[in-house]
Amino acid sequence: MEDDEIEAESRSDSRAGAEDSNGEAAGRKPKLSRKNIFTLVSAASVNFSSMICYSILGPFFPTEAEKKGVNQTVTGLIFGCYALCTLLGSLVLGKYIVQIGAKFMLCAGLFLSGGCTVLFGLLDRVPHGVPFILMCFIVRSIDAVGFAAAMTSSFAIIAKAFPNNIATVLGILEIFTGLGLVLGPPLGGFLYQSFGYEIPFIVLGFVLILMVPLNIYVLPSYDATPSKDSFWRLFTLPKISLLCFLIFSMSSCFGFLDPTMSLFVIEKFHLPTGYVGLVFLVLALFNSLSSPLLGIVSDKMPNTRRWLMVIGGITAALGYCFLGPAPFLHLKSQLWLFVFMLALTGFSSGMTCIPTLPEIVKCAYENGFEDDLSTLGLVSGLYGAVWSFGTFFGPTVGGFLVEKFNFEWAAAAQGGLIFISVLFLGIYYFVEPCFRRPATTSVEENEERAPLLSNHI
């Protein structure tokens, strides 16, 4: 009965949005239902709590691992295995989200990730050497599967609850993602300095576990039938393949900065370690603050998505070339230029990444995929897998390039990767009208333009 009410509310909101866009019922505006608000609260709690637990390792774990006899290469693999397991988990769980149940998958993922975070805080009691390394890989890998479950189901539920405003909601959620990534390192570092290694993981792990009863209470259930479609059919659609390449290139660039930027800033500009965190803050801050606005623009004017992605991708590529700056530009490295380029890449990353998910969903529906939770599970699983592959590729290959050449050339190479991906996507959009199918109905176009935020401000 609850599911029928949810579907009825969704259909009612879509019809109301369409009438408003046509000017046929100016006085009637779609409302943000109570269940939609609860869904938004649930997704925000998942993004914030998951990201804050994910990011607490950076300030102090490498030092603790060194005390346990772990070299830097193995420490990097411990970080990298998280992305690989998230990739595999996203694909498998996205395929079977209907059989498992989206709500159960989200809550189980939170519980698993929270429990593993607590366990990771107890690893300092494990003997030095191989036992410690082995337990780190096991706990970190299971944690990644829990994270994949929570994020895959969260993306699918958001797309189901807000079919006409996916980009807007993703933009809003990006604020909470950014807050988690920004607050995690300083909070983890403070707890580590004050109470030792165990407390940061135990405290934040239990925060994550406490999100489980909250989501059990507020999150509605969504039923669907299993789909016969596959990731392969979804991925081999030309447009989706190019969008995945763009997502991969952007996540690779984000991942590249994690292990390399702090060392470059300290060596090049002689900044104290405490100020390095502020430099990281610039990228996350501009990305988080710009994403809601860009999401609204993307949903209110769907035809601008392609231009947002292309222009944002070109801007991000230029930003990475000037980040060093690249040696072929013959410019001197300056702190103000470095910070400005971080701000520019943060803003342009929002332009590029926010429209990609609704574009993939739209393309899937246009190519015969069912309009249900099963398809959304495939889309969110594919999105999470591609993003995770990029976050593994970026630090690995980027670290190798920095070691063989320098940061300036490695950053320029990352910018070149973005430029290639956005060039292919731009060419596709240029030739697409020649092969386009008959236009969608006006009702479908109006539903895409149905506003979200203006309805309750």
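Cβ coordinates come from backbone N, Cα and C, glycine included.
In TrEMBL, annotation is done automatically, which means it is predicted and not curated.
What TrEMBL says about this protein:
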type     : residues : note
COMPBIAS : 8-18     : compositional bias 'Basic and acidic residues'
DOMAIN   : 39-433   : domain 'Major facilitator superfamily (MFS) profile'
REGION   : 1-28     : region 'Disordered'
TRANSMEM : 37-57    : transmembrane segment
TRANSMEM : 77-97    : transmembrane segment
TRANSMEM : 104-123  : transmembrane segment
TRANSMEM : 129-159  : transmembrane segment
TRANSMEM : 166-187  : transmembrane segment
TRANSMEM : 199-219  : transmembrane segment
TRANSMEM : 240-257  : transmembrane segment
TRANSMEM : 307-329  : transmembrane segment
TRANSMEM : 335-354  : transmembrane segment
TRANSMEM : 375-397  : transmembrane segment
TRANSMEM : 409-431  : transmembrane segment
Could you tell me whether the transmembrane segment (335-354) and the transmembrane segment (199-219) are in contact, taking contact to mean 3+ Cβ pairs under 8 Å with a sequence separation of 6 or more?
no
Within the same chain, where does the transmembrane segment (129-159) have neighbours whose Cβ lies under 8 angstroms from its own Cβ atoms, ignoring anything closer than 6 residues to its ends? I mean 6 or more beyond.
39-40, 42-43, 46-47, 50, 54, 65, 68-70, 74, 77-78, 81-90, 93-94, 97, 102-103, 105-106, 108-117, 119-120, 123, 166, 169-170, 173, 219, 222, 357, 361, 373, 376-377, 379-381, 383-384, 388
Could you tell me whether the transmembrane segment (240-257) and the transmembrane segment (375-397) are in contact, taking contact to mean 3+ Cβ pairs under 8 Å with a sequence separation of 6 or more?
yes
Have the transmembrane segment (37-57) and the transmembrane segment (104-123) got at least three CB pairs under 8 Å, pairs 6 or more apart in sequence?
yes
Considering only Cβ pairs within less than 8 angstroms, which of the stretches 77-97, 104-123, 166-187, 307-329, 409-431 has the most against the transmembrane segment (240-257)?
409-431
Could you tell me the mean pLDDT over the domain 'Major facilitator superfamily (MFS) profile' (39-433), as a whole number?
84
